[in-house]
Amino acid sequence: MARGEGSEQFSSGLLPTDKTVNQDGIKIAKLPPQQERKRALTVWSKVCFAIGGAPYQITATALGFFLQIFLLDVALLDPLNASVILFAGRAWDAVTDPAVGFLISRSPWTRHGRMMPWILMSTIPAVLCYFLIWVVPPIEQGKMMWYLLFYCLFQTLQTCFHVPYSALTMFISNKQQERDSATAYRMTVEVLGTVIGTAVQGQIVGMANTPCINNTTPTNSSSHSVHGNNSQILLDNKVFNERRAYMIASAVISLIYVLCAVVLFFGVREQDNQGGLKAQKHVSFQTGLRLVMGHGPYVKLVLAFLFTSLAFMLLEGNFAVFIKYTLGFREDFQNILLVIMLSATLTIPMWQWFLCRFGKKTAVYIGIPWAGPFMILVVCVKSSLLVSYIVSIAAGASVAAAFLLPWSMLPDVVDDFKVQNPTSQGHEAIFYSFYVFFTKFASGVSLGVSTLALSFAGYVTGVCVQSDSVNLTLKILVSAAPVSLIVLGLLIFKMYPINEERRQYNNKQLQLLLRNEEQESEMEALKPDITA
């Protein structure tokens, strides 16, 4: 056997580790048990894998629902400065995704795999930066830079966690059915993570709401001056309590983040599903990017979900402010948000059954636009707490579909690419990182544009009632704009070519390719040792 061949076998995990002697006295290699047969993915492994997705959703939900209102009403930043922080942080986060994806694709394979070391090493610095995002610094001039710095640092470190975790889907099993099942587990836990994020952040903060400031006519009387001083002291105390509540909530979420990362690391074994292809020569980032972005199904899928993700992120980023000011439910907004996430969690299994029964494209056409009529209803009907809860329950079902379907369909696109490009493998991290890039870019645009729109409309921090122009802007941001974006995304999705027949064909082709590689590896490993 040539030296180069032996090196390639070793690098791909195919080098025999044991030898036996046949009846003629010739030493032959014995295949390792994992090479002889790939074990089925256990329920425990699926659960541990799913738990690893919770940190991203817990922190993303807390930031998505509460960071804007925290910066405006607790940190007391100008809306323009808040919009710069939200957009710049998300834009930076989006830029880091392809870079991290490329670095991961070039990372060496370790005994823990290629993805797991990234996940483990980024966890502690990420939770530290996350906690500091919710701290109001004792400085006034550098407050904006404080939030921008730690927001960008956290997004970078979380990228080092989330991109390898997303790509890990392709390395927990080589069977499409098992990956789909693991994805359903993951989406269920991730939506449960949004519930946890909403509940922890919302309920802790909800117990210490910042009081609003009533606009009163100025007066020079001494009695009013004393009353004003007392009110200001009371206001300062309540603001301090709310700032402390945000810090407590962030500490609890940070602890959950670490625990989930530990469960993922010890509960999931990363597999090399590339077979003999793993030893192939690495391509440059530009070549890999050109191959990935030149794959038509991937581009259409990403564009479609880019617009639908932007729709739901606009709703997520502004719904708390909309409930608080436009609907007037200051004491109930955190409970309404919690109902949305609970509804989403409970409907994830339904959508998993639906896409298995009727196909993924059909699930997109039914699940994504489901929230549209209710988005319109909530701004057309007179403010009613009961209607708000009904809309929240219905909208949660659509949020569940928006969570589940992209991550369930991305492996189909990667498989389609492998079938069409059998000699170019190992681009999973690029596929996933660019999808995450576009969704985070959409999030940055939604947060930045919406906060800027509120600034132009005349949003005032801390007041009880906002102007009519602010309320109109909020109605557009949670209804008209998201519905339009959903329609646009569905129109693009009509061009997506991977249906159930093509998906099954790709699955059979990949299984055949893998079987051929295993047979070749077995024949190579059974060659007699003629060194004697």
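Glycine too: its Cβ is placed from the backbone N, Cα and C atoms.
Here is what TrEMBL records for this protein:
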- 47-72: transmembrane segment (TRANSMEM)
- 116-136: transmembrane segment (TRANSMEM)
- 245-268: transmembrane segment (TRANSMEM)
- 301-323: transmembrane segment (TRANSMEM)
- 335-351: transmembrane segment (TRANSMEM)
- 363-381: transmembrane segment (TRANSMEM)
- 386-409: transmembrane segment (TRANSMEM)
- 429-460: transmembrane segment (TRANSMEM)
- 472-493: transmembrane segment (TRANSMEM)
Folded-back contacts onto the transmembrane segment (386-409), same chain, C-beta under 8 angstroms, at least six residues removed: 166, 169, 180, 183-184, 186-187, 190-191, 301, 305, 308-309, 312, 315, 323, 327, 329, 332, 336-337, 339-348, 350-352, 355, 360, 363-364, 366-372, 374-375, 377-378, 435, 439, 498
Spatial neighbours of the transmembrane segment (301-323) far in sequence, C-beta under 8 Å, 6+ residues away: 61, 64-66, 68-69, 329, 332-334, 336-337, 340, 368, 371, 375, 388, 395, 398-399, 402, 405-406, 409-410, 413, 434-435, 438-439, 441-443, 445-447, 450, 454, 474-475, 477-478, 481-486, 488-490, 492-493, 496
Candidates 47-72, 335-351, 363-381; stretch with most C-beta pairs under 8 Å toward the transmembrane segment (245-268): 47-72
